[in-house]
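J.: Quick one: structure below, then a few questions.
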Amino acid sequence: MSPRRTVSLITLGCARNEVDSEELAGRLAADGWTLVDADDGEKADVVIVNTCGFIQAAKEDSIETLLNAAEGGARVVAAGCLAERYGAELAEAMPEAQVISFDDYAHISERLEDVLAGRPLTPHTPRDRRTLLPITPVDRSQAAKNHVPGHLTFGEEITPLPDGVAPASGPTIPRLRLTGGPVANLKIASGCDRRCSFCAIPSFRGAYLSRKPEDVLREAEWLAGQGVRELFLVSENSTSYGKDLGDVRALEKLLPRLAAIPGIERVRVSYLQPAEVRPGLIDVLTGTPGVVPYFDLSFQHASGPLLRRMRRFGDRERFLELVARIRAKAPEAGIRSNFIVGFPGETDEDFAELVAFLEQARLDAIGIFGYSDEDGTEAAGFDGKLPEETIKERVDQLNQLAEELMAQRAEERIGSTIDVLVEDVLDDGAYEGRAAHQAPEVDGSTILYADTALHVGDIVPATVLTAMGVDLVAEHQEDADTT
């Protein structure tokens, strides 16, 4: 009998990383590893830290987490974006951890066996992963099987599978949910073909690659069988979904099919590029039962000249027109976006354009980030860098404005009826959940009061009583239907 081998996973960064961690967990569980939860005080033989390498703060958090994991005495493996981006350089700087690449995910059990046996792994030399797939999008699918997490198809099903592990006939890879609850991330694509001057993600996440609709649907059906009520579709750019499959309207066709899966009550889409949001997509997002009218729009700024310097499209007028089109279809729609402040060359006039846009757009959720140079990006070589104190002042000013604007938008919902997905039962007998305009973790939540007992996973109608910043307080409508 094989000795018990234990592993724990720590996930940092975005929802896409969470899906990758569940892929790793599924592979390991299928190969006989026991997953343990470090938060419960259980010690693992190996700790995998799925790192984030997006911005400097995320890199620092990843390094600190790796060091903390090593202090516990376990063997530590660095996976994810920081590991992929820096490879051998990270391994040399951090002897406390072994470093693996995305290319190692298909062989993760073998890599951990080597780590347990004391055999050092050979760290990879980073390369631009956009070069691993054909330039023509429609030629990428077959080549992706060896290079992109979440896109491998097994030759045969792994049997028997541990409880809770999705079979290869569902998702294209085994997946083990690491968190319970009624919401799950569902990856529809990987990589990005855009060349934004500030962003390094395409270089280590690779070229854009859509998952086949049939694979996405099978995984969604499996998630529904696990008790999931809301699907959160994730990718680096969801509006490009299907372009490499020969169908630029593939997302518009996929969404109604996902919403029709028994047990799935909500489908939410993340990360939409404003320049790619077609009228037909707006119609589907605002008019399909089960698809929430939620728009995670990547504006990044509102000054036309500065956006062009970022290698992006649009300006304040065009973005306001897009917001107006959405709200004309669905006044209750949730709209969120992130913005970069202090990009090289940002003038007082550029900054004023952004302020004016925020004041006029009345977004539901706003994220503000100060610009910092990223290794290997075009913008790192730009002139016109702003002093750090100027960037900080502008970030502070916009954060204050954003808090005021988000609070005002939340207050506009007082008295309205919302549908709340119950996610937690609080100690005082109240419930916490989210309305349709609130995405997991980033857009606030709703505190719900009810005279009758509710359960996690219920979706109930409620009247908004008040707002606390972006958060809402609501009362269950007892005489209405609960789903």
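Glycine too: its Cβ is placed from the backbone N, Cα and C atoms.
Annotated domain 'MTTase N-terminal' per Swiss-Prot: 5-117, in sequence order, evidence recorded as sequence analysis. Under the heading [4Fe-4S] cluster 1 binding site, Swiss-Prot lists C14, C52, C81, citing sequence analysis as support. The domain 'Radical SAM core' feature in Swiss-Prot is assigned to 178-409. What Swiss-Prot records for C192, C196, C199 is [4Fe-4S] cluster 2 binding site. Per Swiss-Prot, domain 'TRAM' is recorded for 411-478.
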J.: From the centroid of the CB atoms of C14, C52, C81, the recorded [4Fe-4S] cluster 1 site, which same-chain residues not already listed sit within 8 A by their CB, in sequence order?
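T.: Nearby residues not in the site list: L12, G13, R16, N17, T51, G53, F54, A58, G80, L82.
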J.: Suppose the [4Fe-4S] cluster 2 site is C192, C196, C199. Which further residues of the same chain have a Cβ inside 8 angstroms of that site's Cβ centroid?
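T.: Checked against the 8 Å cutoff, the neighbours are R194, R195, F198, A200, I201, P202, E236.
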J.: Could you tell me which of these binding-site residues, C14, C81, C192, C199, has the greatest number of Cβ atoms within 10 Å of its own Cβ?
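T.: Sorting the candidates by Cβ neighbours within 10 Å, the top entry is C81.
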J.: Return the member of C192, C196, C199 nearest to C52 ([4Fe-4S] cluster 1 binding site) in space, with distance defined Cα to Cα and candidates limited to these binding-site residues.
T.: C199
J.: Work out, from DSSP, the number of helix, strand and coil residues along the domain 'TRAM' (411-478).
T.: 1 helix, 33 strand, 34 coil
J.: With DSSP as the reference, give the number of residues of the domain 'MTTase N-terminal' (5-117) in helix, strand and coil.
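T.: For that range the per-state counts are 64 helix, 22 strand, 27 coil.
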J.: Express the predicted model's confidence over the domain 'TRAM' (411-478) as a mean pLDDT, rounded to an integer.
T.: 96
J.: Within 10 Å of the Cβ of C196 ([4Fe-4S] cluster 2 binding site), how many other Cβ atoms are there?
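T.: A 10 Å sphere around the Cβ of C196 ([4Fe-4S] cluster 2 binding site) contains 19 other Cβ atoms.
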